[in-house]
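Here is what TrEMBL says about this protein:
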DOMAIN    B:79-211  domain 'YetF C-terminal'
TRANSMEM  B:6-21  transmembrane segment
TRANSMEM  B:33-50  transmembrane segment
TRANSMEM  B:56-76  transmembrane segment
Amino acid sequence: MRYVVPLMISIVIFVLLLDIISFKYLDKTSENLNKMLTAVQQNIEKGHWEEAKKNIEKAEKEWKKIDKKWAILIEHREIDEIEINMEKLKSYVETKNKDLSMAQLKAIKMLIRHIPQNEKPILENIL
Amino acid sequence: MLILFFRTLILYALVVIFMRISGKQQIGQLQPYELVVAIMIADLVAIPMQNKGIPLLSGIIPVLTLLVSQLFLSYLSMKSLRARAIICGTPTILVENGKILTSQLQKERYNINDLLEELRVKGYPNIADVEYAILETNGSLSVIPKSNKRPVTPQDLNLTPQYEGLPLPIIIDGRIMHQNMQKAGIDMEWLNEQLKMWKIQNVKEVLFASLDTNKVLTVYRKEG
């Protein structure tokens, strides 16, 4: 019986720490990715398609670095969704379609921003 | 992570409350309709517990619904004999006057090995010793042995043993149960004197102490 209370406390602390660390990681990486996508957005707005393509490749590289770690923390369905939308964006940029690429870009940004929000331990998420 | 932690806590509390409300029957011997609830609850709660995409309410509402239906069925089976027979079934006699009723065994899909196994568990390895064996509605087997095979009771020997009553716990885990002391009509002075006789300085050293109806205090010390 002597180990029950310490075990309980250590499990709670472990969950708390894991939550804080994973939330911070998701928040930081998603912000990073969002910044890269904002650069792409500016390129598209100005009609610099070649720049936009390069920036998308950069963002994709960054995404490849983090997606495996994200897979440990969030639902895989969400990761798949981001990947599908990324591919769509790439082809829209290649065909230089401004309207569609802007719409696609905003959708990806929303998806990425939405993920750390979803992991926040607030009442709305708990219920 | 924390979201899952809190969701699990909420649902666990809900199931514990459910089990408390649905009565003590639930824990020990389940009637068929109670078993159904127990199986369903395990599954219903497990899914929203781990899937954050499902709102918690879709776990809570089915559990509450099951609680209401279970309370309704147990109320019905308490009030009406016919309903009780339908919901819980009726006990089946498998052995009558020392004779195995094979038709009843077949009806309950209870084979002779099951019967022998249960009889052995109940302490009757020889079927010839059994007068009656009754399969209860919760699936347990009641065995009534032949009168010459049952253990001897004081009445058989024409003895009148002393009244024993219920021993009262006086100290549990180092804490004095003042209410029980009042019931037994003893005071602190008497208790301290008794503890001194057991060579105990502090109540905290005691794991358990009980008082029987002859006012004899038995003390169990904590280890180490």
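Cβ coordinates come from backbone N, Cα and C, glycine included.
Per-residue confidence over the domain 'YetF C-terminal' (B:79-211) averages 88 (mean pLDDT, predicted model). For the domain 'YetF C-terminal' (B:79-211), the DSSP counts in helix, strand and coil order read 48 helix, 31 strand, 54 coil.
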